[in-house]
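> To start, I am sharing the structure in question, which I have written as structure tokens.
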Amino acid sequence: MAMEDYKPCAAMVVTQCIYAAMALWSKAVFSGGMSPLVFVVYRQAVATVVLVPVVVVANRKKMKEMVGLGVVGFSLVFVASLVGATVNQCLYYQGVNLGSSSMATAMTNLIPAITFVMAASVGLEKVEVRRPRSLAKIFGTAVCVSGAMSMAFFKGPKLLGGLHALLLRSPEGGISRWVVGALFLIGSSSCWSLWLILQVPICKSYVDPLSLSAWMCLLSTLQSALLVSFLQPDPAAWRIHSLFEISCCLFSGVFGSGVTFYLQSWSISVRGPLYSAMFNPLNTVLTTVIAAVVLREELHVGSLFGAFAVIAGLYVVLWGKAGDGGGKKGRKLEEEHADDLEKTVTRSDSMLEAGDGIAEPLLRAESDPVEMEE
């Protein structure tokens, strides 16, 4: 019985280790010359090849329901794929390429705070300034944003005597690349937060998560391939130069979009969505340490303090969000959220047939900003 209690923890630790490996591996691949945009196409294609047969085998008796999305359902899935997979991953990996793997993993901790802001702005989240939990979410969001801005615009002096940079560049160019990379990563986290909001109407129109993931990977493959054909028309950009690059694409598709999906889904079903989000900082710590030792990425005082602020803000937001989920008050708040959602969906021109509520909090899948990504 004791071992059973540790299984969700072990699953989440393995998940965060996979995410850390993906961030580090992709950074090394991009430094070798591979295009981040092309990498997204290959990763999504591998994930599609892996997920589609699993969906066919697991849902043989319900294939008509799996294929027949309907106009509204397909439109929602298409938009979710574009925002949560295609644009999200393109921004994320561009940020990894221009910035650092450690900064990329730290920025993913912004997702709960950004989701809270988006949900509150459309009425999906109750904000009562007299309640400590609501104040905690507001304060945690401010801390997260402040930490992200510190990481982006205040690098500060180097730590550990100034480790050698992975890419040699001038200070001016380095600062410019770093800031642009940070902005890309903030944009990626915002896309993922918007994707979480879109799950509210999607889950009412299309409830099977596994086949939904397969649809999203397939659509994202087509969308990202079309995007690359416009942004990088040179056929040479599609060339894979080494076994190292092939292995990275396979690992990201199989483990990043397959294994982690299963582990996260199982852990959330056992311990709840907040339990999954609590493990996000482990990814940041692992990536930062390994990147400094193995990839010899530079560590800066401002970036380090910014990462700590983002992580601290994350836990403050999660503490505030935890008050929405349990007990009589939690159930009452969920009912209020459902009523608010019904009004919001009714007002929306594009989501008139979406539904009238949600069964779980909005922080359901925050730990994977590239899971449909990383």
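Glycine is treated like the rest: Cβ placed from N, Cα and C.
Pulled these features from TrEMBL for this protein:
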- 9-28: transmembrane segment (TRANSMEM)
- 12-131: domain 'EamA' (DOMAIN)
- 40-59: transmembrane segment (TRANSMEM)
- 66-86: transmembrane segment (TRANSMEM)
- 106-124: transmembrane segment (TRANSMEM)
- 136-155: transmembrane segment (TRANSMEM)
- 175-198: transmembrane segment (TRANSMEM)
- 181-318: domain 'EamA' (DOMAIN)
- 210-231: transmembrane segment (TRANSMEM)
- 243-263: transmembrane segment (TRANSMEM)
- 275-295: transmembrane segment (TRANSMEM)
- 301-322: transmembrane segment (TRANSMEM)
- 325-374: region 'Disordered' (REGION)
- 332-346: compositional bias 'Basic and acidic residues' (COMPBIAS)
> Where else in the chain does the transmembrane segment (40-59) make close Cβ contacts, counting only residues six or more beyond its ends and a cut-off under 8 Å?
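That would be 65-66, 85-86, 89-90, 93, 208, 210-211, 213-214, 217-218, 220-221, 224-225, 228, 240, 249-250, 252-254, 256-258.
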> When each of 66-86, 106-124, 175-198, 275-295 is checked against the transmembrane segment (301-322) for Cβ pairs under 8 Å, which one has the most?
106-124
> Quick one: DSSP breakdown of the domain 'EamA' (181-318) into helix, strand and coil?
120 helix, 1 strand, 17 coil
> Is it true that the transmembrane segment (175-198) and the transmembrane segment (136-155) have 3 or more CB pairs under 8 Å, sequence gap of 6 or more?
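Result for the transmembrane segment (175-198) with the transmembrane segment (136-155) is yes.
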> For the transmembrane segment (136-155), find every same-chain residue at least 6 residues outside the stretch whose CB is under 8 Å from a CB in it, and list them.
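Distant contacts of the transmembrane segment (136-155): 103, 106-107, 109-110, 112-114, 116-117, 127, 129, 175, 178-179, 182-183, 186, 300-303, 305-321.
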> Averaged over the domain 'EamA' (12-131), what pLDDT does the prediction give?
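Result for the domain 'EamA' (12-131): average pLDDT 84.
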